[in-house]
């Protein structure tokens, strides 16, 4: 095991023609995150001193999407092969560091596998990640003599005998910086593709008497690349299946693991139940005994113990204390906060609003820029009118207030503790404590009224 510093080169210059997209291939997402970001995260977790990103097509889009300050951007103006890509990055290599080569369209490579590869690299030699396939057609074959790796032959350049070899190159390797620069300088494009192959450094190393150690990944999916949307969708399901399995083994009840998507990180308590077609995005925390109904989307939120989220509810950047109930068909937008035992029912929307302990907003309501006290009843059809076309204003409702149905609260406005708002009221001025506010037009009644008759 070597303890050298290490830098990582990520090849991400390909256009991705078979994706049929204006977006660079490596920016297409897996589990809600760009493929290349998965690789960058692995490199950073591995402790890379520098991450050199070799880019070409769609460079402006890449730079807009990837904000990692640790990235060194390396332009490959012409795509002349993997060896050529590494040659562009070579001036940045330190002689005494390890250089690990990764690919922006191989998103599921694990830190554990890369660490094993790094540990296995012999002094002065190369660590090479390989796999054995039943059908290796199209891949570079690993050639050996007396069990030792001697080189890699690309499929188009291989003889019929070499094409029978099942061990193939994944493209992922690690070597010393000084050695890498020397070997890269010796590459030629004398092959069927007319390209500079990074794989040729294996034969160069062998000719120098250097040892090449092959390591296999834990799972084949770790080294599967993406060239089209079908392959990407398959890797998405592989990834989601792995995440679901981890959650099940950790005690989370997923009613159907095949219909659950995790697009971020999930921290959870005990006895959590998640129904079908639920999507978890960003950083989500679920307390003990949380229940989430079918079709819900939870993003960057904290859900307290004993909360129940009914079907088809969307929760984003929200915070729920214990024993809250939400939905079905509710929407909590950024800044929504529910205190203990609060209830938000169907077709209720909250944004930048706090609902106090035991308070309820049961139906068809919008609460925006609002601070609502404890034990408040918000009647159906209540709207906080928080926007005048230019600025937002706040509504404050004290404890123990009863708001009748079809009420409009025109902010800025304050409703005092214990007040009652009659149904159909438009509140434009502050309401005092324990007062009744009513602004309905007086009802009139005309006896013997006859409806108009349609003219023939």
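Cβ atoms are placed via backbone N, Cα and C, with glycine included.
Feature annotations, reproduced from Swiss-Prot:
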REGION    1-229  region 'Pyrophosphorylase'
BINDING   11-14, 25, 76, 81-82, 103-105, 140, 154, 169, 227, 333, 351, 366, 377  UDP-N-acetyl-alpha-D-glucosamine binding site
BINDING   105, 227  Mg(2+) binding site
REGION    230-250  region 'Linker'
REGION    251-456  region 'N-acetyltransferase'
ACT_SITE  363  active site, proton acceptor
BINDING   380, 386, 387, 405, 423, 440  acetyl-CoA binding site
| query | Judged by the number of other CB atoms within 10 angstroms, which among 14, 104 is the least packed of the binding-site residues? | reply | 14
| request: Pick out which of the binding-site residues 105, 154 has the most other Cβ atoms within 10 Å of its own Cβ. | output: 105
| remark: Contact set of the region 'Linker' (230-250) with the rest of its chain, CB cutoff 8 A exclusive, min separation 6+ beyond the ends, reads 28, 30-31, 35, 107-108, 221, 224, 257-258, 260-262, 266, 268
| What counts of helix, strand and coil residues does DSSP assign across the region 'Linker' (230-250)? | 20 helix, 0 strand, 1 coil
| residue 423 (acetyl-CoA binding site) to residue 81 (UDP-N-acetyl-alpha-D-glucosamine binding site) - Cα separation in whole Å | 72
| field | Alpha-carbon distance [residue 405 (acetyl-CoA binding site); residue 333 (UDP-N-acetyl-alpha-D-glucosamine binding site)] in Å | value | 23
| request: Could you check the recorded positions 333, 363, 440 and say which one's CB has the fewest neighbouring CB atoms inside 10 Å? | output: 440
| Pick from 11, 380, 423: which of these binding-site residues has the biggest number of other Cβ atoms within 10 Å of its Cβ? | 11
| note | Whole-Å Cα distance, residue 227 (Mg(2+) binding site) to residue 380 (acetyl-CoA binding site), is 51
| request: Work through the binding-site residues one by one (227, 377, 386, 405) and point out the residue whose CB has the fewest other CB atoms within 10 angstroms. | output: 227
| If you measure from the Cα of residue 377 (UDP-N-acetyl-alpha-D-glucosamine binding site), which of the binding-site residues 105, 386, 387, 405, 440 is the nearest? | 405
| task | Whole number in angstrom, please: the longest C-alpha to C-alpha distance across 380, 386, 387, 405, 423, 440 for acetyl-CoA. | result | 23
| note | Counting across all protein chains, other CB atoms within 10 angstroms of the CB of residue 81 (UDP-N-acetyl-alpha-D-glucosamine binding site) number 21
